[in-house]
Amino acid sequence: MITAVRAVPFRVGIGYDVHGFADSPPENGHIVLCGVEIAFHRKIKAHSDGDVGTHALVDALLGCVGEGSIGEHFPNTDPRWENMSSTHFLLEAQSKALAKGYAVLNFDLTIVCELPKIIPHVPKMKLFMSKLLGMDASAINIKAVTTEKLGFIGRGEGIAAHAVVLCRKVTAAAPNPGSENPRG
């Protein structure tokens, strides 16, 4: 017989996001991944800034605390979110988690694409995310893989990300220290 547990000390969430590339270049010459601007010759098709890494983290964090998905909270049909920085969505998701008494313990993020090359930007991404979420960088793992030229990603038509977030129950529902947006 399965018994109900009132307060689960740890919770796990899984997130996924995918966006296609447009044939046109981005207006400012870069795309944004995990809050970091990366020079790239193609624009990401998206309603917001198209940051697939951050979108996957938002989805994982919302799922972790039973708050649905990024599309429920920030629908791409709502003009308020047009060109919005995805860091706003992540801070909102973190706020919802903290309001329920959960803090992010660690996360693992995989970005899937052929181009742009992600590995050179990972240290900057980890630093940005650690400052944004008020976490130690050692609790953050960001990596990149390709699809070995298979499928739409392999043909260079898009980019995807998978995220796993582990949260722990905390005694006080207060913001993590340093959880201001480092982009200003």
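The backbone N, Cα and C atoms fix where each Cβ goes, and this holds for glycine too.
Residues annotated as 4-CDP-2-C-methyl-D-erythritol 2-phosphate binding site in Swiss-Prot: Asp17, Val18, His19, His47, Ser48, Phe74, Pro75, Asn76, Thr77, Asp78, Phe152, Arg155. Less than 8 angstroms from the CB of Ser48 (4-CDP-2-C-methyl-D-erythritol 2-phosphate binding site) sit His55, Phe74, Asn76, Trp81, Glu82, Asn83, Met84, Ser85, Ser86, Phe89, each of them six or more residues away in the same chain.
For Asp17, His19, His55, the entry in Swiss-Prot reads divalent metal cation binding site, with the evidence type sequence analysis. Taken residue by residue with DSSP, His19 (4-CDP-2-C-methyl-D-erythritol 2-phosphate binding site) is part of a strand. Non-local neighbourhood of His19 (4-CDP-2-C-methyl-D-erythritol 2-phosphate binding site): Ile44, Lys45, Ala46, Gly50, Val52, Gly158, Ile159, Ala160, each in the same chain, at least six residues away, with C-beta under 8 Å from its C-beta.
Under DSSP, His47 (site 'Transition state stabilizer') is assigned to coil, being neither helix nor strand in the three-state scheme. Sequence-distant contacts of His47 (site 'Transition state stabilizer'), defined by Cβ-Cβ distance under 8 angstroms and a gap of at least six in the same chain, are Asn76, Trp81, Glu82. According to Swiss-Prot, the site 'Transition state stabilizer' annotation covers His47 (among others).
Thr146 (site 'Transition state stabilizer') falls outside any helix or strand according to DSSP and counts as coil. Per Swiss-Prot, the feature site 'Transition state stabilizer' maps to Thr146 (among others); the stated evidence is sequence analysis.
The 10 Å shell around the Cβ of Pro75 (4-CDP-2-C-methyl-D-erythritol 2-phosphate binding site) contains 12 further Cβ atoms across the protein chains shown. On the backbone, the CA of Thr77 (4-CDP-2-C-methyl-D-erythritol 2-phosphate binding site) and the CA of Thr146 (site 'Transition state stabilizer') stand 31 Å apart.
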